[in-house]
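S.K.: Not my notes, these are from TrEMBL:
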{"type": "REGION", "residues": "1-56", "note": "region 'Disordered'"}
{"type": "COMPBIAS", "residues": "27-50", "note": "compositional bias 'Basic residues'"}
{"type": "TRANSMEM", "residues": "65-87", "note": "transmembrane segment"}
{"type": "DOMAIN", "residues": "156-293", "note": "domain 'Peptidase S54 rhomboid'"}
{"type": "TRANSMEM", "residues": "165-186", "note": "transmembrane segment"}
{"type": "TRANSMEM", "residues": "198-217", "note": "transmembrane segment"}
{"type": "TRANSMEM", "residues": "223-243", "note": "transmembrane segment"}
{"type": "TRANSMEM", "residues": "250-269", "note": "transmembrane segment"}
{"type": "TRANSMEM", "residues": "275-293", "note": "transmembrane segment"}
{"type": "TRANSMEM", "residues": "323-345", "note": "transmembrane segment"}
Amino acid sequence: MPRRGETAVVPIDAASGERGGQERPKSERHRSHGPGHHGRHGPHHQHRSRPPPPPPPVFRPFRRWFPFLVPLFIVANVALFVLTMYVNDCPAHARAAGAAIGGSVGESATAQGCWLAPELGRLAFQSFKENPLVGPSSATLLKMGALETSKVTKDHEGWRLITCIWLHAGVIHILANMLSLVLIGIRLEKEFGFLRIGTLYVISGVGGSLLSSLFMVSNISVGASGALFGLLGSMLSELITNWTIYENKIAALMTLVMIIVINLAVGILPHVDNFAHLGGFTSGFFLGFVLLMRPQFGYINQKNSPLGYPMGVTKQKFKIYQIILFVIALVILISGFTVGLVLLFQGFNASEHCSWCHYLSCVPTSKWSCKAPSNYCMSSQLGNQLNLTCQSTGKAATYVLSNPNNTEAIKNLCVGLCS
């Protein structure tokens, strides 16, 4: 979106019409010529070529930053995903579960437990039945810092609100998020710098985690989607608060709103945590009024005008409407985060007090159901005999375990039964 300030601004002298405000000395304009001078066309005229004057310095109203923080964020996310897969160690857990089950069922569990185990070894992925996003198990994600409301409220692990935004559920998940971060984050860091964009990214991610933990109480949540939606929200508020410095305002606004609506609409599909998207977007929207406010061009022109050139009435750095939006957004952010954190640590379940709010995250249709696939099973044991009943499908089965105390083996059997 072009701004009027992106063009070069060079001072012009009103008297002489020359750039740089320097008037040619009188001695150069009217040289006195001695006797015998024949003028420009005389027989003794010698043309002297003068070197062109140096170009005037280009004035840019806003500083351009070199982006390094967003690439560091991408490297950190990828490194943490690789570390998560290393900790996951699917082949070792599959072998242990197969040994605990024993027999042909145990051998089948060992063979089908991991994907690409011969090629990736310890970094092999969980089976598609357990994780269709091609990644680790939910137990490993919880170990690495995934968000689960009960662990925040009962175990007082509030740090999960931050750590979960650096974890991803699979290869597909991290590729989609990192591509979005490259397209959005690098542009914003070039314009506003690492400090503002880094702060906006982290606080928006926490805002998404906070709203998700209040509404999606029974789910495990990971991913940078909330932070990315915060960047989208900040782009909208930045356009609004810096409205006077943009050209093609309406076209820029309509384009940005269409992108935001499309991305939020994807969140109504099943198995997508749209509350994290909404929380991140709302946080980023109000943060944009606080962190991305630009000075007005009249103030910048006066500040950078050459000495001795009157510029009229002194201009204010910010317009009144910018200051009003700044104060309102700051009050909403502080009060919203305070109330949300208090409710969260008190164990408040927002979905119980809002009967229609679940439609913000998923809208059921004839093509899909909004009920999350549950891999929870009812179990009963008698010696080495294990009876499992999948709660979501109602299917039941009986197994004989060589090690009935192996919880990993029981979990694998439950996943297979519910798939």
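The backbone N, Cα and C atoms fix where each Cβ goes, glycine too.
What TrEMBL says about a protein is an automatic prediction, not a curated fact.
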S.K.: Over the domain 'Peptidase S54 rhomboid' (156-293), what is the model's average pLDDT?
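M.R.: Its mean pLDDT is 90.
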S.K.: Taking 3+ C-beta pairs under 8 angstroms (sequence gap of 6 or more) as contact, is the transmembrane segment (165-186) in contact with the transmembrane segment (223-243)?
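M.R.: As far as Cβ distances go (cut-off 8 Å, pairs 6 or more apart), the transmembrane segment (165-186) and the transmembrane segment (223-243) touch.
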S.K.: Which listed range (198-217, 223-243, 250-269, 323-345) shows the maximal number of Cβ pairs under 8 Å with respect to the transmembrane segment (275-293)?
M.R.: 223-243
S.K.: How about long-range neighbours of the transmembrane segment (250-269): same chain, 6 or more residues beyond its ends, C-beta under 8 Å?
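M.R.: Distal contacts: 1, 229, 232-233, 235-236, 239, 277-278, 281, 359-363, 368.
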S.K.: Determine which residues of the chain contact the transmembrane segment (198-217) at the Cβ level, with the cut-off under 8 Å and only residues 6 or more beyond its ends counted.
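M.R.: Here the qualifying positions are 69, 73, 147, 149-150, 152, 160-162, 164-165, 185, 224-227, 229-231, 233-234, 273, 275-284, 287-288, 291-292, 336-337, 340-341, 343-344, 348-351, 357-358, 361.
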